Each structure stands twice: as structure tokens, then as C-alpha cells.
Ligand code: FES
């Protein structure tokens, strides 16, 4: 159903919670226009209906308009997932002419200071101008803000900002600890009190705002007792193609050691989807161990998130420790407690911003 084209890992921002691989610098290869067009055609033949363009920053690709136009011609619903950097009026006109259906714009916060700090750029004003442009072109306004310890107390202001911008839809996504977010986990971890207050604010705002703007609050995994049905199940509805042509069942899957992800320039998307080891590895329920195997919810949550199981237990086939039935659930709680202790004692390491230099460092280059 979903084909996500991660057109490039290049990005003008340096967000501390970016989900891109921390070693992205080791792999700067990008598919060419013809190769992407071929991927889009194959994906549509396989039945994909939603097409997302993301990155990195997809606007850094000069051929984005051509890809959007072909996506639209093929019958996809086309989505641009962007920081807004590079979205000038001229560019937006070209994208609209190409038939782009939908734009999701990210903000880091409602305040210029925090927005600019978390992305290590001066982009708040620019993003605000892009938000106006998107409205001017009559697109539904979809804002995305990642939440964590540094901005959870601003939730009400974030909602007001989204309303003032005319957003129809606001996604408040508590940080998922993959990629750079995992590196900065202790710094980003919110307190329970922050989360409780933020949820109460969101509830009150939903009541007050009604249908004017829909607010989605993506729950913070580490504070839950039941895991999320990540990717709606591995190899079920979602296929991402990374900038270099690797086909991924989930955009964070590259962190899983020992997995070989098929290359779309060497194999057909059909063979990759149906027959590759990577896509079959956690498909269905045969791979499950206990307690997932005997769990009545195994077809609801699919054992949670494979990438999280790996990050927290060292084995992607384990039950996601977010689940209270996981024998490792206590470790998750210890991670939260340790993060809070470090915050209280003011002994946190400095945030690691996503950058080429830090990517080199973290990948030992
Ligand atoms: Fe990879 Fe959940 S993020 S399976």
C-alpha cells in the first residue's frame, strides 16, 4: 500500500532525533532519475497506492518534480514529507503543476529559539513562510512536530501555532528512539509528569478546537505497557527504498545486523516483496518466540517493533520490551529511570547533532 522513496540522506538540518542511520555518511550513493521512475512504476504495478517522498530533505533533488509528475500519472496519491527548506513559491508552483497531492511540513517547536536550537539552523522564520505558502496553494496544512523533554511543556503553544497557521492536521509525535534519537535518548527522555500534563493539554485542546484541526498524539513507547503494531506488521503494507536503492521493510531496519537488504537496481520489486529473505524474515508469525507466539494479541501488535527489540535486547526477533509481557520489560523501565537520574544530577552528555562530522565519528571512519 505504501511506497516510501527516501530520495536522499542529504539534509540541511541537523536534528537530534533524526531517524536516518547514524552512519549515513558511509553511503552517499543516490539512485538516478530513471532508476527512481522505474521503482515508482514497479511499485504501482504491485498495488502501492500511497507514495511518499522523504529523505533527508527530498527538495534537495532537482528531479523531484519529474518524480511527482510520474507518480501522479501512475495513479499514486503523492505525499511530500519535508522540512520546508528549499520550498520557494516557484518550486511549489512546479510541484503543484506536477500534481503533488499532499505536503507534510515539520517544525521542531513553537518558539524560534528551540526550533533553531534543535535543528542547529536558523530556519523558524523560513518554515513559517513555507507554511503560509502551502496554504496559499490551497494544500491541506499538515504539521508534524516531534516531542521530547525540550518541547513537551510547549504543547499548548505548538497547538496554537498550528491553529494560527491554518493547519487542518497536527501530528504530535513523541520521539521514537532510532538513529540519532537513540544516540540522544537520555537527553530527550521526557518525565512522566511532562507527558501527563501534555496529554491533558491535548485532550482539552481537542475539546475546544473540535473539527477545526485534528490532533494526533503518537504515544511515547517507553512509557507504555503494550507495544505498537509497528509498520502494521513487517512486510505487510510498507516498502521503503533508501537513497542508494536498498529496499527496506521499515525505514529504520538498516540498524539490524546480519540482514542483507535487496537492491532495487539488481532485483525486481516483485521478487523483493514476495521472495526476499529481508521481507520474509519477520512476516507473519512463524518467526515469533514466546511470549509473542502464544499471545492472543499477536495479530494485533505483531510483537511490537523489530528495530526496537534489537536496540533494547540485541535480538530483533525478541518481543519488543515495551510489552509488559516481555521478560525484558524491566530493563526498559530502568533506562527511563537512569535517564531521569542523569537529568536530575545534571550529568547528561551534550546532545549529538546529526552532521557529516558526527556521522563519521559514530561510524568510526
Ligand atoms: Fe523498524 Fe519498528 S521501526 S520495525
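Placement of Cβ uses the backbone N, Cα and C atoms for every residue, glycine included.
TrEMBL has this to say about the protein:
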- 1-212: domain 'Radical SAM core' (DOMAIN)
- 11, 15, 18: [4Fe-4S] cluster binding site (BINDING)
Additional residues around [4Fe-4S] cluster, ordered along the sequence, whose Cβ is within 8 Å of the centroid of 11, 15, 18: 13, 14, 17, 20, 56, 83, 119, 180, 354
Residue 18 ([4Fe-4S] cluster binding site): tally of other CB atoms within 10 A of its CB: 24
